[in-house]
Amino acid sequence: MSEKAFTDVADTSHNEKAAPAPEPELVDAPARRQSVALNIVENPLKRSSKEQAVVDAQAFAESNGMSEHANLFGRAALVARDPARFEMVTELDEAERAALIYERDHKWHGPFMLWYSISLCAVGAATQGWDQTGSNGANLSFPEEFGLTGQGRDEWVVGVINAIIFLTAGLIGAFIVDPLNHYFGRRGEIFITACCLTATPIGSAFAKSWEGLFAARFVMGIGIGAKNATVPIYSAEMAPARIRGALVMFWQLWVVAGIFLGFCANVIVKDTGDISWRLQLGSAFIPSLILGIGIFFCPESPRWLMKHGRLAQGFHSMSRLRAHPIIAARDYYYSYVIYQEEIKVAGGVGYFARLWDCFSVPRIRRANYGASTVMLAQQMCGINIISFYSSTIFRRAGYTETEALYASLGYGAIQVVFTIPTVFLIDTKGRRTLCLITFPLMCIFLLAAGLSLLKHTGSRGEQIGPVALFIYLFTICYSLGEGPVAFQYSAEVFPTIQREQGMAWAVCINNTFAGILSLTFPRMQTVMTPTGAFGFYAGLNLIAWFMIFCFVRETKQLTLEELDQVFSVPTKNFLNYEMTVWLPYFIKRHIFRKRIVKPPPIIEKADSREDITAP
């Protein structure tokens, strides 16, 4: 499908009429912008009159087994048609108007089931973090158990045992997501993977050889990949747009919580002798067990039910996730309207056809650029060399084995503490902005940590203290930027029709490169020295920053459906705006401290534009 064909459907005539805004030069100019955004995010419901919108919404309800809600959907259509001015909709009753006002004025308002479902998914994320840190601590002792203490081959064996869960997650687990979701739904798929991730850590703990440990972790990786591709989608499809970033970001918060809890478990069992590594690996079954039991009480994803033609069930599910029927009807009907727009531009309907759409359809390809970039950047930044091997790194820096475990515990605690502020920043500052700010700092601190390993003079504290300090500073920057963004961004940018395939590809990128990193780092430390390895990843941080600048577009506070139009802007136009409008403004305003007019965004909601231009 051509780019023009897609734009004609998804973006109407706004793109053709809008002209690139001139670079602002005025000092002390009024804050109100007089130029237009390069692209306007249009609400499809405004293409018809109010009367027709009501008729269409009532017909939707009556034809899909929801005739008792026909009038509710008619009113909801009017609200969805002009959400910023819902108080002017005279058809609403007082309870409905009060519910919408309360929702507007209380950002974090939501029913118990919304918070329960999001929180449960977040607990599932702890499985991945706990698995990482279990092997982190076990690396200090299981190589001795299986006679893998030499260089060369033994280093590669240790690396592949650590890496296999990520390789199978990326190359197998991520790509069985679509059939599992198709036949079992989001909830069923999560339950199946929870069972897998409950059994395999226990199997790892009872391994009698490195081959047996490898086999258990091989299967574990398949479960991790399938879970990683579904849980963020499930969360994103349930969360309201205004706080979707914060709610879905619970995924990352609980990944790092799992890392911290895994380090706690490592410390707790460190004195159990020869079985300590078995307990460290086996303890990772705990969050998966909680996930498997708790998922039975969650509703199915409303958008998954919609996609499979079960529209009445989808509305029932949405009603459990919203505080009032008018809010549920507004969100559900608007999702349905945009879903119909997606169908018009959808490519094939089969699995591989939809996967190919992620590379061939311009709008989806651009989303794929962004998702692949943030997923790859998460591995390029080097955080996982700390997550996988921090105990080994601290041990080589001069810490005792016990000190290395406690230093790793501190690393895990810092990730938890500094991920929390991002819950409030991700939907205000935005995903792209947080990454662009933190990546240069991560480069500096990781390089400093590597150089600190070269110090062999002075007191013991002077030698080993700076290593932990700079690793901790690096971790703080990661927790405020790339860490929370990667899975959040990837889960939201793809259209409903291709969401499983797009997320599968993103998870494949993330986990495969995590596996490569885990596989190569033990040998890299020997060949390049730890300082050289740290310097290598410090350089990759700068490359990742440039990739984010080029390919990652801002998605904050837009519905999943409105993101279609964000990615309707051709990459050439996007890069031209970034290089000729945004970057000059940023340099003049934030480096030279000039008070200049902020340029119009490349994407702006039609409602916002009307507010700006209204007399």
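Glycine residues also receive a Cβ, built from the backbone N, Cα and C atoms like all the rest.
Annotation comment: TrEMBL describes 1-17 as compositional bias 'Basic and acidic residues'.
Feature annotation from TrEMBL assigns region 'Disordered' to 1-24.
Here TrEMBL flags 112-130 (among others) as transmembrane segment. Within the chain, the transmembrane segment (112-130) has long-range Cβ neighbours (under 8 A, six or more residues past its boundaries) at 190, 194, 197, 224, 227-228, 231-232, 234-235, 238-239, 247-248, 250-262, 265, 283-284, 286-288, 290-291, 294-295, 297-299, 320-322, 387.
As annotated by TrEMBL, domain 'Major facilitator superfamily (MFS) profile' applies to 117-556.
Sequence annotations record features per position, and here TrEMBL assigns transmembrane segment to 156-177 (among others).
What TrEMBL records for 189-207 (among others) is transmembrane segment.
Look at TrEMBL and you will find 213-234 (among others) tagged as transmembrane segment. Non-local neighbours of the transmembrane segment (213-234) in the same chain are 117, 121, 124-125, 127-128, 131, 142, 146, 160-161, 164-174, 176-177, 180-181, 186-187, 189-190, 192-194, 196-197, 200-201, 203-204, 207, 248, 251, 281, 301, 487-488, 490-491, 499-500, 503-504, 506-508, 510-511; each lies 6+ residues outside the stretch with a CB under 8 Å from one of its CB atoms.
The transmembrane segment feature in TrEMBL is assigned to 246-269 (among others).
If you look at the transmembrane segment (275-298), the same-chain residues 6 or more away from its ends with a CB under 8 A from one of its CBs are 113, 116-117, 120-121, 123-124, 126-127, 130-131, 134-135, 137-138, 140-142, 145, 187, 190-191, 194-195, 197-199, 201-202, 204-207, 213, 258, 261-262, 265-266, 269. Per TrEMBL, transmembrane segment is recorded for 275-298 (among others).
If one looks beyond the transmembrane segment (369-389) by at least 6 residues along the same chain, the residues whose Cβ comes under 8 Å of a Cβ in the stretch are 129, 132-133, 135-136, 139, 162, 259, 411, 431, 435, 439, 442, 446, 471, 474-475, 478, 482-483, 485-486, 489-490, 493-494, 502-503, 505-507, 509-510, 513-514, 516-518, 521-522, 533-534, 537-538, 540-541, 543-544, 547-548, 550-553, 567, 571. Residues or ranges marked as transmembrane segment by TrEMBL: 369-389 (among others).
The feature transmembrane segment is assigned by TrEMBL to 409-426 (among others).
Sequence annotations record features per position, and here TrEMBL assigns transmembrane segment to 433-451 (among others).
The transmembrane segment feature in TrEMBL is assigned to 463-481 (among others).
Residues annotated as transmembrane segment in TrEMBL: 502-521 (among others).
The feature transmembrane segment is assigned by TrEMBL to 533-552 (among others). Counting same-chain residues at least six beyond the ends of the transmembrane segment (533-552), those with a Cβ under 8 angstroms from any Cβ of the stretch are 366, 369-370, 373-374, 376-377, 380-382, 385, 431-432, 435-436, 439-440, 442-444, 446-447, 449-451, 453, 482, 489, 521, 524-525, 571, 575, 578.
Residues 156, 159-160, 162-167, 169-171, 173-175, 177-178, 221, 224-225, 228-230, 232-233, 355, 358, 364, 367-368, 371-372, 375-376, 378-380, 384-385, 388-389, 486-487, 490-491, 493-494, 533 of the same chain, all 6+ positions outside the transmembrane segment (502-521), place their C-beta atoms under 8 angstroms from a C-beta of that stretch. Taking the domain 'Major facilitator superfamily (MFS) profile' (117-556) as a whole, pLDDT averages 84 in the prediction.
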